[in-house]
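Student: Take a look at this one; I'll ask things after.
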Amino acid sequence: QFFVFCHGLLQLSQLLVSGYLKSSISTIERRYGLSSQTSGLLASFNEVGNTLLIVFISYFGSRVHRPRLIGCGAILVSLAGFLMSLPHFITGPYEYDQSVASTFSNTTDLCQPGAPGAWTNLSDANCTPHASKENHEVLLVMFMAQALLGIGGVPIQPFGISYIDDFASERNSPLYLGILFSVTVIGPGVAFMLGSAMLRFYVDIDKVGAAEVQLTTKDPRWVGAWWLGFLVAASLVAVSALPYFFFPREMPKEVGELLHTHPSVEFPLVLSGFPVVLLRNLRHPVYLLVVLAQVNISAMVAGLATFMGKFLERQFSLTASLANMIIGAVNIPGAMVGIVVGGAILKRFQMSLRQCSAMCVLGMLLCLLLAFPLLFLGCPTQKVAGVTHWDRYRQRRRAGHGVGAHSWGGHTPTTGTFLGCHCPEKAFNPICGSDGVEYTSPCSAGCRNVSIGANGSVLNYTSCSCIPARGLAGFATPGTCSSGCSRLFVPFVVLSCLAGILASTSHTPSFMLILRS
């Protein structure tokens with residue numbers, strides 16, 4: 001029972017490291033200019049080392065000192081966590097467009113028209129937002145850390161599960177595994193809650209004073225202290241690894257049985273038997289079907305865990321901190337409940353392998369029924385000028401000195417649209433136009449005036465020549481445009497949570513199928 005407690009704590013800490021990356025993925029993208037394709041590859045790269053070694057390492061099972069090998073793997077996971085935070089310390093402070101901050105200081109981000117006709121020298125690059133170039137040095141460090149994380153995690157789960165299953169009674173084993181898996185699920189949940197807390201702090205909290213930070217957490221330019229959570233998680237893994245170096249190779253109460261079941265064998269003979277065992281497993285239909293099901297479920301969970309936070313941010317206009325809190329406080333605890341219920345049902349009814357498989361099928365079918373409506377809970381992607389909304393730019397480039405009214409939604413823009421506004425090349429200070437289109441900065445929307453509140457904050461931008469408003473120049477408000485999907489937020493969270501509970505009930509039965517088949 002003490003081993004179950006220690007292993008639950010270790011897996012919680014291990015998944016805290018890997019889960020924290022998923023909770024801060026959108027922040028890391030913004031900090032280092034990563035694309036979603038790159039960040040998705042980064043989040044899954046830990047599986048490379050894991051996949052290459054998991055079959056070979058798992059084969060040796062009881063033939064090695066499992067607790068010590070688990071402890072060594074945990075040390076590698078801890079090093080990976082510390083390595084993930086390293087980019088913060090080897091790169092300079094975060095730089096953002098400070099031309100018009102949340103507290104207004106000057107007008108350099110407003111349109112500064114040049115001589116008439118100066119607009120003709122503008123290129124497409126001047127009309128579209130500029131993403132920061134991906135930092136290859138940072139990527140190299142992070143990919144190395146992810147590979148190390150995968151290698152370190154290889155012995156933790158399989159050796160821990162087999163160790164518990166070998167020494168627990170057949171009656172208690174499902175309950176112990178259910179408890180272990182439920183505690184394990186808390187890891188990603190705590191990771192998202194930790195991300196929610198850490199992202200409230202400014203990224204360079206150790207480099208600049210609080211008085212120098214003009215941004216708020218609701219500002220789209222805000223970057224939280226993503227690196228701080230990795231230090232916390234890595235430290236917890238290091239502490240959790242210590243007890244494993246003191247566990248015996250075999251539990252005293254079942255030494256005789258284990259020695260009879262797994263007699264000592266020379267290492268060359270063990271190694272030569274590996275291909276035979278591998279082929280025998282590959283010819284086992286039940287084993288293959290369960291593994292295939294686990295692969296598909298894992299692919300679904302990996303995608304959701306990595307990008308669900310970003311989806312909530314964009315679809316329901318949430319901050320990164322709030323999105324992480326929702327996932328950590330609602331969705332992941334729901335999965336934990338499902339795992340506990342699945343393990344309790346197995347123990348209560350002493351299910352056979354056939355009944356375990358039926359329970360898995362029923363749980364996933366009910367999950368699909370509840371998840372299907374999620375396909376229809378959403379809104380169209382927000383229009384961002386020059387990114388997802390091109391009509392006006394293309395027409396302007398084609399039209400030369402004149403633009404047809406039809407290309408501007410039935411409105412003709414003022415001449416300010418065609419003046420060279422001398423916009424900062426990498427300006428990023430999003431505003432929401434009165435036409436419902438989002439612009440990367442006031443300058444890109446041709447705004448020439450700004451209204452300031454009593455506390456010095458920006459109320460709105462006016463005289464925006466690129467924003468049509470019944471023949472006049474339009475206006476814009478600071479920040480991104482609302483998605484208009486807030487009414488669908490609660491149904492989305494409730495359905496996704498219930499679907500997760502039902503899917504998780506099949507977790508323990510599926511592992512019992514692997515262990516008993």
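From the backbone N, Cα and C atoms, a Cβ is placed for every residue, glycine too.
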Student: Look up transmembrane segment in TrEMBL and report which of 41-62, 261-282 it refers to.
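Tutor: Checking TrEMBL against the ranges 41-62, 261-282, the transmembrane segment one is 41-62.
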Student: When each of 69-90, 223-247, 358-378 is checked against the transmembrane segment (175-203) for Cβ pairs under 8 Å, which one has the most?
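Tutor: That would be 223-247.
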Student: Any chance you could find the range in 69-90, 138-163, 223-247, 358-378 with the most Cβ pairs under 8 Å to the transmembrane segment (286-305)?
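Tutor: Answer, by Cβ pair count: 358-378.
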Student: With pairs fewer than 6 apart in sequence excluded, do the transmembrane segment (223-247) and the transmembrane segment (138-163) have three or more C-beta pairs that lie under 8 Å?
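Tutor: Touching, no - the transmembrane segment (138-163) and the transmembrane segment (223-247) miss the threshold of 3 or more Cβ pairs under 8 Å.
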Student: By a Cβ-Cβ criterion of under 8 Å, what residues six or more beyond either terminus of the transmembrane segment (358-378) are in contact with it?
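Tutor: For the transmembrane segment (358-378), the list is 293, 297, 315, 338, 342, 345-346, 351, 485, 488, 491-492, 495-496, 498-500, 502-506, 509-510, 513.
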